[in-house]
Amino acid sequence: MFQAHLLRGTLTLSFFLHQADFDEAAEEVKKLKTRPTDEELKELYGFYKQATVGDINIECPGMLDLKGKAKWEAWNLKKGISKEDAMNAYISKAKTMVEKYGI
């Protein structure tokens with residue numbers, strides 16, 4: 001019983017530490033000195049939405065909503081990726097962008 005409780009506590013602590021890294025990465029991306037490419041931003045957006053919401057749960061915007069459609073497609077490409085894996089990918093991509101563009 002004690003081991004199971006300890007394991008749950010460790011997993012919970014691990015999740016919160018990981019969530020803190022994710023939140024920090026999201027804040028750092030907002031401070032980039034140079035704007036990343038549209039492709040980089042779309043990929044980052046897709047990972048962010050997958051990490052925070054999960055699989056896409058909205059209809060694709062109409063043809064005339066180009067920005068909305070691009071964001072929908074970026075998120076839809078991440079469909080099926082676990083929230084944890086999406087969070088890891090977001091953190092990794094954000095670190096790469098901070099190294100590339102500076103904050």
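Just so you know, glycine gets a Cβ as well, placed from its N, Cα and C.
Keep in mind that this is a model prediction, so the values were computed, not measured.
Swiss-Prot lists K30, Y45, G46, F47, Y48, K49, K67, K71, Y90 with the feature acyl-CoA binding site, giving similarity to another entry as the kind of evidence. A helical conformation is recorded for Y48 (acyl-CoA binding site) in the three-state DSSP classification. Y48 (acyl-CoA binding site) counts 23 other C-beta atoms within 10 Å of its own C-beta, drawing on all protein chains shown.
Under the heading domain 'ACB', Swiss-Prot lists 18-103.
Helix, strand and coil residue tallies for the domain 'ACB' (18-103), in that order: 57 helix, 0 strand, 29 coil [DSSP].
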